[in-house]
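Report on one structure; see the data block that follows.
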Amino acid sequence: MLTTAKSAVKLSSYLPVPQFGLAVLSQFGLGAANFTTRLVHAPTVFSSSLVVLLALSFWVQPNLTKAHKWHSFGLLLALFLSMDIRTLDTIWHMFQTPAGFPYRNAFFFSFVLIMIAFEAWLAGPRRIALRWQWLLPTLMVSALILGWFAQRTAKHPLTTSTLALSLVAVILTAIALFATAKRWQTLSLAGIVALELGTNSTLMMAKSPLGNQAKFVTAYRTEYRQMQAVNDPDGQLYRVENQNTLINQAYNYDSKYRNYNDPMLFNFHDITYYSSTFANQTRLMLKSLGLFSKNARRVSSEGLNPVTDLLLDVKYAVQLNAVGQATTRLRSQNGLGFAVPTAFRQLKLRQNSAIINQERLLQSLRPSKRAYFGNATMLSDHVIQDSQAKRYPYLHTVKLRMTRTGTLYYNDTTRQTKYTTMRVNGHLVPTKFNANGELVLRSLGYFDKGAVVTLTVKRTQPTLGTHVHIASLDQARFNQVKQQLLSTRFTPTYHVSGIHTVVSGQVTNRSKQKWLYVAIPADKGWRATVNGVKVTPKTVIGGMLALPIQPGKNQIQLTYHVPGLLGGLLISIISGLSFILWRQRYRHH
């Protein structure tokens, strides 16, 4: 976790301020959260009206000691404050404010509430004073109404009908708990709780964009079959760009599923990835090369181009077909790595400047007086201001003349572009992800030298300035780089051996370079040998591996050892044995 972006420290995360108010009381009732409000709502502590009434009766139960009541209250209060006070909530979540819903520890509060309720049930709820049998339901009804009023100003407030259902549930539960004959009490309470939980589940799922299971099964089988041809059938390690998907047709039309983990679902290696433990140096490296990263947990293949295909070994691009066969196109054949000069190993990427970084990388691999990326000549920039637009009021119509034959790229290093409005010669530029106001390398199409291109796009500023880079990659010169690297390509295979992943292969160093670049994210868990001799992997271009090699043939083996696995296993064994010894001694006494 310390290698993720979550290791960043923000003072605001430790301020001792409350994170929610009286609106939390509404969470004890029905339907207080749903798909629409899943990221913004008070802690989800709903446990049924029965649990809350029993828990309240716990503190007025005459058969329980005051000390026990205070101890239970202290535990419940500590758990509540660990959610409400931001300082404690941050500490609870490993000293980092969690992304998305911030109350991941809410279920602990619910569990303790249920434990207390169960103890009150064993003590006998009818043994409390008659006045409390009236006051406790009244107290809960008042709390629910107060919570309902407190959240009326929210973006998605609870409806009056939902509040009414909660109040009915409390009244029915109170009658069954305190006024029903004992022989009917258990049955009636079970029925009420089942009905209440079912109603709550229905209300919470009501706005969820559910899909079509039958369509998903059919689409999944088709997609899995078509991806089998590129999911390393021979054990060779490479990456694949899945250009479309079939399973999304089974989802609701407004679903925002973006296929981040399809590589795991269909057993192939891709760039697109989502993980709460995503190494931040790898993400920032990919971002600096032009790939779109929405947040600290995600990276996408949006922004790939021939240079990053080469660096990341994106071997194939697959266009899936719902009827018939997939179309597979070769994108790169330079392997998972290749021999590189010392200049490449020493190169530092400039943050967020994709075209500049790619130019420097190509120059380090094959120095050239003529740049690989040629800046397009701006002929004119006509700007129209829309006074009604809030964030992107300026519509630019830019005329450009190509200075190279190749693909033209747009890179806004200041995050001021609305990419969904981008058109080239009147045609909308397609996009897989909404990268508006973010960093991404956008391909504008392939053009010949001298061609005039018209680009229209909305931005936050009236001028493009020097931080917007529009340049084309000289395809012919780039092909020379690929051809040069082809003689030292590294095409390894991989397999799992016990608890280790092993990547191995041979590379012939004909260029007499000193380093082998390997397109595997740098991680301290990797152990490497070259010709049977242990070597220390180095980190290059901000997040990939490099190994020292000799002229001639080099047998490479990379073995991944999970960092801290043996230490963690030892601690677990010692803890388990300690508990067993303590338990035996406790029973003996």
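Glycine too: its Cβ is placed from the backbone N, Cα and C atoms.
Please treat TrEMBL annotations as automatic predictions, because they have not gone through curation.
Not measured: the values here are computed from a predicted model.
Residues annotated as transmembrane segment in TrEMBL: 12-33, 39-60, 72-95, 101-122, 134-151, 163-180, 560-582.
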Segment-segment contact (the transmembrane segment (134-151); the transmembrane segment (560-582)) at 3 or more Cβ pairs under 8 Å: no
Selected stretch (most C-beta pairs under 8 A with the transmembrane segment (101-122)) from 39-60, 163-180, 560-582: 39-60
Long-range Cβ neighbours of the transmembrane segment (560-582) (under 8 Å; 6 or more residues past either end): 499-503, 523-527
Contact set, same chain, for the transmembrane segment (163-180): CB under 8 Å, 6 or more residues outside the stretch: 29-31, 48-50, 53-54, 125-126, 133, 136-137, 140-141, 144-145, 148, 188-189, 192-193, 196, 199, 203
